[in-house]
Amino acid sequence: MYSTVFYTSVHPSTSAFSRKQLPLLISKDFPTELYHSLPCSRSLENGQIKKVKGVVKATIAEAPATIPPTDLKKVPQKKLKVLVAGGGIGGLVFALAAKKRGFDVLVFERDLSAIRGEGQYRGPIQIQSNALAALEAIDMDVAEDIMNAGCITGQRINGLVDGVSGNWYCKFDTFTPAVERGLPVTRVISRMTLQQNLARAVGEDIIMNESNVVNFEDDGEKVTVTLEDGQQYTGDLLVGADGIRSKVRTNLFGPSDVTYSGYTCYTGIADFVPADIETVGYRVFLGHKQYFVSSDVGGGKMQWYAFHNEPAGGVDDPNGKKARLLKIFEGWCDNVIDLLVATDEDAILRRDIYDRPPTFSWGKGRVTLLGDSVHAMQPNLGQGGCMAIEDSYQLALELDKALSRSAESGTPVDIISSLRSYESSRKLRVGVIHGLARMAAIMASTYKAYLGVGLGPLSFLTKFRIPHPGRVGGRFFIDLGMPLMLSWVLGGNGEKLEGRIQHCRLSEKANDQLRNWFEDDDALERATDAEWLLLPAGNSNAALETLVLSRDENMPCNIGSVSHANIPGKSVVIPLPQVSEMHARISYKGGAFFVTDLRSEHGTWITDNEGRRYRASPNFPTRFHPSDIIEFGSDKKAAFRVKVMKFPPKTAAKEERQAVGAA
């Protein structure tokens with residue numbers, strides 16, 4: 001069995017971007033003799049993976065940035081002493097990159113428990129293809145451990161949906177930009193696990209706990225940092241990786257305010273498995289001045305973020321976060337409400353979202369900044385941590401090049417020029433992605449599904465379900481620009497990763513239907529492997545029971561006011577006046593459910609997920625979908641809500657058996 005497919009093309013073919021950027025599919029059953037026709041064309045057996053890693057390391061070791069042994073006699077060489085303020089993701093990744101290149105590194109971290117337990121506070125983090133590739137270029141073994149611990153989301157459907165209806169607005173293809181460039185596929189990983197792996201790779205002897213950098217002095221030859229307890233340490237350069245409220249930044253450029261995004265964010269992790277877990281990785285649910293993000297994080301858990309437009313500094317009532325969220329998102333689709341309901345109150349956290357405006361000044365002298373300390377961005381693209389990882393690789397590379405030039409020329413290491421070179425190489429890319437993250441928030445805050453939303457006295461127009469012009473026009477531009485944007489964000493830094501061999505992993509392969517799912521919403525729904533239920537939703541005092549529908553095409557569900565045990569299928573009795581003796585039949589075919597009205601007196605009615613109510617045609621199968629309301633009769637007493645669940649509650653199965661007992 002092939003475990004790794006290597007990308008041998010130096011210049012991958014240019015993608016033909018269409019309305020949907022479609023993935024290149026690699027199936028486990030794909031004939032091995034045809035692999036030469038794919039971008040990723042060479043393969044190795046499992047036992048050769050270690051050799052491959054050795055090749056990557058050897059390539060890095062032979063790069064021009066390495067000091068030739070003969071040059072050591074020409075110029076006395078000593079390790080550069082690199083001081084790093086901050087032991088978050090950016091600080092640790094840079095420390096690892098610098099250590100791998102032979103530098104003497106010391107990381108100052110205010111609270112080592114933040115490294116061990118930050119994941120408990122902020123939850124999992126998405127590491128996209130561009131950052132995973134940078135990690136591979138830094139240390140293949142560490143990157144492999146991190147990827148193995150993550151949950152792959154990039155080979156499933158991801159994108160934007162309408163928050164109320166749950167209908168797809170735009171799908172993102174993060175798979176194609178990765179495999180076409182030989183990059184790892186996007187993953188989500190526990191922040192705590194990520195930082196533990198990084199801290200272990202860096203080494204506890206390099207990370208100083210309870211060491212908060214409060215000041216520094218750059219005399220032109222050395223940099224001396226001062227800790228909160230008065231201790232001082234001297235090095236050849238200082239890297240400020242101490243977050244959005246960086247003390248290093250403040251000492252460099254003076255105090256400056258962070259920028260409030262206009263949104264507060266609630267976040268939580270729920271023990272919950274959505275019905276479409278096999279086909280959908282993450283979704284952004286759009287609404288007017290509020291939006292909701294959900295992502296599979298593996299292990300039967302889902303992470304979510306709820307953003308709401310309001311002033312900063314708000315405080316919730318004790319144990320009131322969940323109740324407030326359910327009120328804010330009242331009327332939204334099941335995918336949102338189910339996650340909120342499944343989350344414990346004490347697992348919900350709240351924080352206001354801030355960023356910093358882009359700046360042209362990243363450092364001075366022997367001091368530079370990295371990650372959030374210089375370009376803190378809103379989380380809407382999931383690129384904040386990814387940019388810090390890219391920064392880390394580039395900074396270590398520039399320092400290594402400076403050391404190599406020093407060895408070749410016999411001159412002192414030009415640290416200052418190498419820091420400015422790092423900053424120049426990163427400013428444009430980071431600035432563009434920072435702007436895109438802000439634009440994503442603006443789009444979310446201005447999204448309106450229907451004409452009349454947010455218009456106060458004219459809000460009655462929403463009942464006519466007239467699509468808002470902004471939604472229609474916005475979709476056109478998103479469909480046009482999203483493939484280009486994703487291609488550049490995910491693959492635009494790959495050429496700078498010196499020594500990294502482009503490759504794909506068969507373990508990251510996509511379902512062979514992924515191409516179809518991007519184009520066909522109906523095919524995506526039919527692929528859902530879950531149980532379909534009808535939950536009582538009527539205004540009757542009758543004890544209606546939950547119905548579990550069968551996906552056996554030979555086992556229809558016959559609904560009437562009396563039992564029909566002599567008819568094939570299950571008989572469901574609803575003893576209400578407007579339910580006819582033989583009212584309707586529910587059947588399953590080709591991955592979808594249909595209801596057929598059997599010429600009942602008062603009809604069978606369906607209200608879809610956008611609020612449109614219509615009568616099913618007699619003796620004609622009518623398709624229904626998740627979240628629809630089905631009414632047997634016109635008085636809304638025998639009404640049921642269509643619910644699709646991965647694991648239906650045990651009570652539902654019990655009630656279903658009672659409902660069909662005699663049948």
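Placement of Cβ uses the backbone N, Cα and C atoms for every residue, glycine included.
Among the features that Swiss-Prot reports, FAD binding site is placed at 81-109, 359-372, with the record citing sequence analysis. When secondary structure is read from DSSP and collapsed to three states, R366 (FAD binding site) falls in the coil class. All protein chains considered, the CB of R366 (FAD binding site) has 21 other CB atoms within 10 Å.
A mean pLDDT of 95 is what the model gives for the domain 'FHA' (547-611). Summarising the annotation, Swiss-Prot assigns domain 'FHA' to 547-611 and lists sequence analysis as the type of evidence.
Here Swiss-Prot flags 1-50 as transit peptide.
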DSSP puts the residues of the domain 'FHA' (547-611) at 0 helix, 26 strand, 39 coil
Residues near V105 (FAD binding site) by Cβ (under 8 Å) yet at least 6 apart in sequence within the same chain, in sequence order, are V82, V84, A95, A98, K99, V202, I206
Same chain, |i - j| six or more, Cβ under 8 Å of F360 (FAD binding site); the result in sequence order is K427
Of the binding-site residues listed (K81, K99), the greatest number of other CB atoms within 10 A surrounds the CB of K99
Here the 10 Å Cβ neighbour count for V93 (FAD binding site) comes out at 33
In all the protein chains shown, the tally of other Cβ atoms within 10 Å of the Cβ of D372 (FAD binding site) is 26
